[in-house]
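In case it's useful when we look at the structure, here is the feature table from TrEMBL:
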type	residues	note
TRANSMEM	A:12-34	transmembrane segment
TRANSMEM	A:41-58	transmembrane segment
TRANSMEM	A:64-84	transmembrane segment
TRANSMEM	A:96-118	transmembrane segment
TRANSMEM	A:138-159	transmembrane segment
TRANSMEM	A:187-214	transmembrane segment
TRANSMEM	A:226-250	transmembrane segment
TRANSMEM	A:262-284	transmembrane segment
Amino acid sequence: MSEFLQHLINMLVLGGTYALLGIGLTLIFGIMNVVNFTHGVLYTFGAYIMFIVVHQLGVDFFVALPLAVLAGWLLGAAIELTLLRPLRGSDIDTTMLVMIGAWIAMQSGALWIWGGVAKSVATPFPEAPLVLGPVSVSWLRLFVLAAAGMLIVVTYLLINRTKLGCAMRATFQDQDTASLMGVNVDLIYTSTFAIGSSLAAAAGALLGPVYVIFPQMGDLAAVKAFAIVILGGLGNITGAVIGGFILALAEELGAGYVSSGYRDAMGFLIIIAVLIFKPTGLFARSERVG
Amino acid sequence: MTRTFRSVSAIALAVAFLGGAAEAQTIKIGVNEPLTGAFAASGTYVVNGAKIAADEINAKGGILGKKIELVIEDNKSNPTEAAAVAEKLITSDKVPVLMGAWGSSLTLAVMPKLMEYETPMVVETSSSGKITTTGNPYIFRISPPSAIEAVAFKGIVDKLELKKVDFLVINNDWGRGTAEDFSKMMKEKGIAVGAVETMDQGAQDMSAQLSKLKGTDSETIIVTTAVDQLTLIFKQAAALGLKKRIITTGGSQNPDQIIAQAGAAANGTMHLTTFLPWFPDKTPNPEATNYFIAEWKKRGFDFAGCTESFRGYDGIRTVAAAIEKAGKAEPAAIKAALWDIKIKGLNGDIVFRKSGPEGKESGQSQPNVYLIEITDGKIGMKTL
């Protein structure tokens, strides 16, 4: 029983970060309809910004976090302005190829600047875990869960309750009508991509200190983010959050009770099942997909 | 304009030829190591150790009157890349001999290429038994296979009063091979073997596996993987409140790095290692060990890397000794000479004995294995 409780706690912590990865991508992939291969690189980028700001500039850990998010926002805006804007209106294959190119170029850049050897970020949290009866969890991971939860709520409110969010939804439903209603479509494109990117960087900045930081760390994160978005339904923020927790649950219980060698396979088995039986995702609303 | 362009081209061509001619004055050694990906830290250390050996040899005038030149390629911790890199080194760079490829799965992927191009390779780190038992006569290994580690460990299991052990190993030829060889030895000693958990080589979160191991009735966990994953395991085990004894194998632990990154979580852990940079006087070759450590520090490298980098140093010295003995830098002659060399390695004499099916034996040297323990953030030796 205590082992099961421990798995559940692990699932909550892991699921929170998966959800964060998922909502960033669902904004770009689901709402903007851009197959964003740079999502993993932005995750890596956020983690390296933490490393630079904390270790090379000597800035406080909690100050570094918003700086990493801001840096992700700026890099996302730059990618949109230089790569995606000239391609707007071209077919999805062209955009996808450009994004693959950007992914490889940026990952190689990270390798060139920081080298292949993993780095770690020191945190202000105590080493001793929080012990609650039979289960324990590290303070750092609890903080990551809380921060991820906060970012998810903020993003949800931004999309559903603000004028900017309304303009975003309008733009990607019908660009021309939105434009006629006075929405600055160019600005909406740039800010949506920048917000999605900043969420990826936030996930990297939060998880980098939990694990280790290396140039290819974003690859697995990106694969999982795509899986979560497909699981939850394209463009659905609530779906991405639930999808994140489902993936974490499948991995934890799969590794704990079936076989740890196939841990990463468990989540993907669920996705295959979802694609067969409910191809629009578990929580898709049809008007968003079409 | 055309004229200028032509003469510039001519000069460029001449320089290129001269460069080519200068290159022919060196003896090339191919180095196939993981410099990116999951084993980047370890592979980089090995390459830095190899460079120390090459510089030392060249400073003394090289071999056969020529300088040696390391052609270093990154196999990206990926078996497919490791095979491609070996092919590139042999066919394009024309190296007569290789050193590599760190991981067992990487080395196993390279092995068919060695057969195809009849080029020998000195294996400096890999420990899967399969490497020297499948009948590849181009393999010469200076690192201990996991069976030798298991035998060395056999002597101390009584003192440690092991009753039941679990395994947490990297899910590849190295980890699974170690779990197999150690389980066999444990069972011979009457020690029960419980759960065998695996983790993907790129995995960063082992909480699920550790939560499971926390709940079993074993008192000890044998862990096999490289340093980056090990530090994560120690941190995550501490966060889960897992209090069992942890013993690691494989010699790629870099214990100082574990102490630095895992802090108090490292106390009480034991590690089977193949080098003793902390106690140069207790190594088989103190003079060479002291030289190597001094040179390592002089170059500004992290001391923690010594337990890994010495393999690159020994590997290149082994290759160089074979080329010298062969009298020419040709694959067949080097392969034959490898059987006849005897050099003083940092971890014992390097002498190749036959291993594997008759007629196509691989070479296996018998290095020393040590058990160290971390207590209060310090490294101490356990006698085997």
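From the backbone N, Cα and C atoms, a Cβ is placed for every residue, glycine too.
Please situate the listed features within the shown structure.
Sequence-distant contacts of the transmembrane segment (A:96-118) (same chain, at least 6 residues past either end, Cβ-Cβ under 8 Å): 34-38, 40-41, 44-45, 48, 51, 79, 83-84, 87, 212-216, 218.
Taking Cβ pairs closer than 8 Å, the transmembrane segment (A:138-159) reaches residues 12-13, 16-17, 19-20, 23, 27, 65, 123, 125-126, 129-130, 165, 168-169, 195, 199, 202-203, 206-207, 209-210, 237-238, 241 in its own chain, all 6 or more past its ends.
For the transmembrane segment (A:262-284), same-chain residues at least 6 beyond its ends with a Cβ under 8 Å from one of its own Cβ atoms are 220, 224, 227, 229-234, 236, 238-239, 242-243, 246-247, 250-251, 253-255.
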